[in-house]
Every structure is written in structure tokens, then in C-alpha cells.
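Enquirer: Pasting the relevant annotations from TrEMBL:
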REGION    1-34  region 'Disordered'
COMPBIAS  13-28  compositional bias 'Low complexity'
REGION    61-85  region 'Disordered'
COMPBIAS  68-85  compositional bias 'Polar residues'
DOMAIN    106-348  domain 'ABC transporter'
TRANSMEM  457-479  transmembrane segment
TRANSMEM  485-503  transmembrane segment
TRANSMEM  524-554  transmembrane segment
TRANSMEM  560-576  transmembrane segment
Amino acid sequence: MDEIQSQSDHYRSPSSSVSSPANRLPSSNFFYSRKPGALRQPISFEDSPVWDETDIEVKVDEGGDSINAATTPPSPSLSKINSGSLPSPSLIEREVVTRKIAGASIAWKDLTVTIKGKRKYSDKVVKSSHGYALPGTMTVIMGPAKSGKSTLLRALAGRLPDSTRMYGEVFVNGTRRHMPYGSYGYVDRETTLIGSLSVREFLYYSALLQLPGFFCQRRSVVEDAIDAMSLGDYANKLIGGNCYMRGLRSGERRRVSIARELVMRPHILFIDEPLYHLDSVSALLMMVTLKKLATSGCTLIFTICQSSTEVFGLFDRICLLSNGKTLFFGETLACLQHFSNAGFPCPIMQSPSDHFLRAINTEFDRIIVMCKSWQDNHGDLSSVSMDTAIAIRTIETTYRSSADAAAVESMIVKLTEKEGPSLKRKGMAGNATQVAVLTWRSLLIMSREWKYYWLRLILYVFLALCIGTVFSGLGHSLFSVMRRVAAIFVFVSFTSLLGVAGVPSQLKEIKIYTYEESNQHSGAFVFLLGQLFASIPFLFLISISSSLVFYFLIGLRDEFSLLMYFVLNFFACLLVNEGLLLLVASICQNIFWSILSFVSIHVSSA
């Protein structure tokens, strides 16, 4: 402890001058300090921003199975950062409302996740984590890269891969049951959307895949999701996302991916990095939208790497991780006080999340070495002499003995001592409905994307014209019959090999299917049938157009029945070839290896 205390005294931001939090007086520079005895009051800022405190008081009824959440205006939000800075986005002021929320609380106790390493299940990614999330609140899991944020989120959602093993307990409304279908939503970090559909079309097809019932009911759910994510101005705009179809920006695309999960109206929503690849303005708009969603009663749990000061002010609770260890769990303002008590006060001109990550990110040790080397050569760069490992141990030790850790344990006990109402499984669309929806959606995609089948149609006709021209004027001798058989073989072989042009489009469909299958929106058999049925009209159009060119150029018999026989045979070859292409792309799931495998199969069979 002496080493920890001595090392923590050396940790300073360039603007810091006070050496110990115990004897610290309110500074005229940057320190956050909580006044003695004011446990329920926000941290006061000396020459600093003014925070509007909001509390969400959760009371567990003694005689009931529900949680009453009293919500006040979103907490906390910054009204200003410094003089001359922009104010926070104004949120709707509401009266204190007591509402009965069934099935939206989640708590985890002593949660540990291990992954296969050199020894089986030896590497601990998450270590003895405790926490909870309540209705109408936003709980953020924050930490540096590879700290276990996404793994903890997947563990809470029950979506860990087979290579991991989980220990500990996760309670949903006081029970250990898994969350049924439709009671929660999970949004991955990578956005998987269909660029050729508009926002409303994309959400409508997602609702048809997920929900049973009438079409009019699904339309109302889609409109509610659009309003919830503030997408009304973009509802009829194509999503886009490629060089020839720009469409929405990254911020709107991210909100569309969240709206896709909202059509189920989940009680709990898990989001992995909602601010991934977003600029500061898009990030602030995203968090204001999510805050508005949380006030409707939904429980939001998401991961984040870092945020601006205004975005940080919108969080309700924070779970701070480093190397899988929980360094803090509690309200955002209490986290500032916790770091101050541990000897790491946040500077006034620095974002709290940047300050937290600076203190607990071990990658900064390499930067410190570079800074010292630069200082030795130039003598004009202030050094940072704090060892990050010591800082992490200091913060962790302070948290374990703090009132915040005791409050978390007490709250977990209250949430788990009595079982609340169980979350009910929502209905799913039938297999026949899913096949019809996927078929119609794929038809629409194929008709709008010129690289899908229209480009292949042009290439097939051009190839038929080239081969037919080479083998034209053969006459009617026995030798000409052999030449025509060779021409047909060359035509079918080259057109089948030309199907490799559809690999990128098939990989897009497979990527979308993978996401939908992970969220139980569709299955493998349903997806294959939908793709097969959707490709039939386009393949028949390709077969009849190219056959008409090739058939008459090489001088085959001018009879309608024989022409249709040739067309149907060629169509069957294209259909089998399309199935082979889909199979290879599903196994490889990489454009290079898919093309190489597909070409190799055709060359070896020829």
C-alpha cells in the first residue's frame, strides 16, 4: 500500500498541482469535489461546468413482484461546459412519474468468463464482475480496448461463443432463466444493412420476419421504431453504403440498425459500441436519441470506449473495466468522486471518459516511455511518471472498500431476493411467411442492384454472341454435328464459370443472414429457399435471352419445342451452378477463397 500511495502521488495531469486528495481544498483550476455530508447532492465544480442532477430511484416493493421506477429529467446532463461553449441538447422536461415496469431489471453477480487458451478455459476475460441495470436507465460498460467490455455484454445477453465458458449468476427480474425470444434486442458493433432498400422498407421486412400478425400491425410497429430513433426525415431514403449508392451517413445507419431491434419492442436492449465510427455530432445525437428511448421504460446496456463530456453527462450508471476487472460500478458522478478519492482527480478541461481511460489503459505506458525519450532530447515536454499497473491497483483497492461497492451489493440483493414477473416469449413469424418475405425481399434487392443479375445478363448475352459467332456457318455435315456439340459444351462451361460474378452479392446476403440467424429472425433452410426462389426468374431471363442468341447463331433446328428444350436444360445448369455458388460462399465466407474454390471446382470437373 505504501508503494501504491507513493506512486499515486506522482500521477498528475499537466494542469494538476495538488498532491493528495485527503488534504485537497477546492481548487481554482479543475478539481471535482463533493461537499461533506451531501451524499445525495451532485459533485460541485469549482470554476467548472454545472451539472443538472437526475436520479432514478428504484424501490423494490416488499409485497409485490415489480419494480417502481420514479424518473425525473434525464440524468445528468451538462448545461454548459465552459463559457462560450455550446449548451447540451435540450431534452423534454417531465414531471416525476411513477410507473410500474414489468420485466426490465437485470443483475449479475460474481460473473466470470473464460476462453480457451494454451490450457483449456484458462484465460479470464471477465473477472468477478458485479452490477445491475434498471428500467428507464442507460448503463454503460466502459474501458480500454481488450478490457472485456463486449464479452461482458454478450454474457449478459446470453450470446457467448462456444469457445468460452461463463461462471456466476445473471438475474432477469430476480430469476436465473434465460431471456426468451422477443424480450431483448442485441445490436452488433458492425452494421449489417441492405443498401438498396429504403429505411422504411428495411424495417418493414425485418418486422415481417420477426413478428406474427397482420400487416397493418407491423406497419404501426415500424413507424414507432422510426419515431423512437428519430429517423422520420430519412424514412424514404435509400440506406446505401457503397461507391455508387451513398445513401445514409454512418450515424443514421447506426440508428437504423438499432431500430431493427426495436420492432420487437424489447424490454432490454444491448448495444455493442453505439458510437462506433461516429463523429462528435453524430455521437451526441445518437446518445440523446437513446436517452429518449430509455425514458420510455426500456433498459439500455451498451459498451463504449470513450466519449465527450456532453455524452458522458447523459449516462446513468457506468461499469468501468480494465483487464477484465471491475474498477467501478455506480452513478457517473460518483465515478468522478471515486477517482478523486483514489488520487486521480479529473481536470476541468478534460473529458471524464478520457481521464478514466488515461488512468487505467496499460497502453499508455509505452507512450510514457516515448515522452520521456522526447523529454531527454528536447527538455520541453512534461513527463508523466505514473505506472498504470499501480494506478489500476489503487483504483480497484479504493473501490472494494468504498460505499459504492457496498451499495451495489445491497442493490443486487434487493433485485434478486424475490422473483418478479417472468418475461414471456413473443410470437414468431411462420416458416412459410419467412420464406415468402425473404423471396420478395431478395427479388427487390436483385432488381435494384445492377451488379447482381443485370450485369451478368449483359455478360452472358455478350458471351453467347462471341461463341455463337465463332461457331456460326457450320453447315449440316457429320463433322458439323461434332462442332455444334463442342460449341454447346464451351457455351455451358464458360457461362457456368461466369457465375463467379455473383460471389460478392451472395456474400452480402450471407452476411445479412448471419446477423438475422443470430437474433433468431430466420434459419438456414428458410434462407436457402428464399434465395433459390428469388433467383429463378432472373436465371430464367438470363437463360432465355442468351439461348436465343446462341441457338440461332450456331444453326440448330428452327423448332419451338427444341428451342424450349435447350432453354430449360440451360436454365437447369444455371440453377445448379447458382446452388453450388451459394454453397461455396457459405462455407468460405471470403471473396478471395470463394472465387478460388468455385473456379477450382469448375476446372477440375471440366
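Cβ from N, Cα, C; glycine included.
Help me picture these features in the structure, burial and contacts included.
Expert: Looking only at the domain 'ABC transporter' (106-348), the predicted model's pLDDT averages out at 87.
Through the fold, the transmembrane segment (457-479) approaches residues 486-487, 490-491, 494-495, 498, 501, 538, 541-542, 545-547, 549-550, 552-555 of its own chain, all at least 6 residues removed from its boundaries and within a Cβ separation under 8 Å.
The list of residues near the transmembrane segment (485-503) in space but at least 6 beyond its ends in sequence, with Cβ under 8 angstroms from a Cβ of it, reads 451-453, 455-456, 459-460, 463-464, 467-468, 470-471, 546, 550, 554, 570, 573-574, 577-578, 581, 585, 591, 594-595, 598-599, 602, 606.
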Enquirer: Six or more residues beyond either end and a Cβ under 8 Å away: which residues meet both conditions relative to the transmembrane segment (524-554)?
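Expert: Those are 431, 434-435, 437-443, 446, 452-453, 456-457, 460-461, 463-465, 467-469, 471-472, 474, 484, 487-488, 491, 495, 509, 513, 517, 563, 566-567, 570-571, 574-575, 578-579, 582, in sequence order.
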